[in-house]
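According to TrEMBL:
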{"type": "BINDING", "residues": "Gly27, Pro28, Ser29, Gly30, Ser31, Gly32, Lys33, Ser34, Ser35", "note": "ATP binding site"}
{"type": "DOMAIN", "residues": "23-239", "note": "domain 'Cytidylate kinase'"}
Amino acid sequence: MPQTPVSSAVSEPTDHPLSGFVVAIDGPSGSGKSSVSKQVARTLGYAYLDTGAMYRALTWWCLDRHVDLDDPAAVAAAAEDFPLDIGTDPDAPHVLVGGADVAEAIRETRISTSVSKVATVIPVRELLRLLQRQLISKAGAARGGVVVEGRDITTVVAPDASVRILLTASEEARLARRSRELHGDADETSVSATRAQIVDRDRLDSTVSVFTVAADGVTTVDTSELDFDGSVRAVLHIVAAARA
Ligand SMILES: Nc1ncnc2c1ncn2[C@@H]1O[C@H](COP(=O)(O)OP(=O)(O)OP(=O)(O)O)[C@@H](O)[C@H]1O
Ligand SMILES: Nc1ccn([C@H]2C[C@H](O)[C@@H](COP(=O)(O)O)O2)c(=O)n1
């Protein structure tokens, strides 16, 4: 995908029809969406689209341009000029903004703690939804299938996906996972330091998307009691059943 501003990238006819086999995965923060989706895509030889990375990259772009994140109109205006180039190879999912490699920067705490301000701006969501459908369509056509994960993929971005899954886990399990990832530990102090990045973010994000209960036709996979490989197997099982 060339680095054209998002608004011109989606100025061609909207709502691209999906191509290939599309696996849509939503869920709350820390449920394992990114890591599980990436592994499922690798196993199936499919493309992988991390839509959260798109919201994170836009947040990086806004902060880089000193846009006031508390001003929704300013954030929406910045989204119109957003020069995003995001890859869909699960082994090397690059994220470039205006040519700058931001793949690591978008994982920093300053982004995680402010991304919801950007993701709750409705015109931003509509712009990214159109771009996401365009990316899904291209990637699905190129690789025969694509695994797409986020918060509103099963309900808003790709309700017409071949398989729709809500990947969930208890708050306790999600806090412990993210705490281990960030602090190498899941003791009381680490879990409490992680809470803002899980619970507070989900609270804000759930004002614009439904990702804690499965919509009609969406299959719930609760990973609270599963390890990583078990979660991947559970998703692959659902995909295999749908393809049979
Ligand atoms: N079933 C599992 N059991 C244990 N750990 C897991 C499991 N699934 C994922 N993890 C680990 O939990 C952490 C969070 O996973 P991941 O980043 O994939 O979640 P996420 O849902 O994409 O979160 P976010 O929406 O905040 O980006 C990672 O360190 C991942 O390796
Ligand atoms: N389809 C999506 C994907 C992500 N978001 C929001 C929710 C998160 O706060 C943020 C970053 O997502 P993450 O990388 O943590 O999965 O983006 C959304 O609203 N819709």
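A Cβ is built for glycine as well, from the same backbone N, Cα and C atoms used for every other residue.
Features recorded in TrEMBL, as mapped to the structure shown.
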residue	record	contacts (Cβ under 8 Å, 6+ apart)
Gly27	ATP binding site	Lys33, Glu149, Arg151, Leu166, Leu167, Thr168, Ala169, Phe211
Ser29	ATP binding site	Arg174, Arg178, Gln197, Ile198, Arg201, Asp202, Asp205
Ser31	ATP binding site	Leu167, Thr168, Ala169, Arg174, Thr223
Ser35	ATP binding site	Phe228
Env. residues of ATP site, Cβ within 8 Å of mean position of Gly27, Pro28, Ser29, Gly30, Ser31, Gly32, Lys33, Ser34, Ser35 Cβ: Val36, Glu149, Leu167, Ala169, Arg174
Integer mean pLDDT for the domain 'Cytidylate kinase' (23-239): 95
Local backbone state of Ser29 (ATP binding site), from DSSP in three classes: coil
Per DSSP, three-state class assigned to Ser35 (ATP binding site): helix
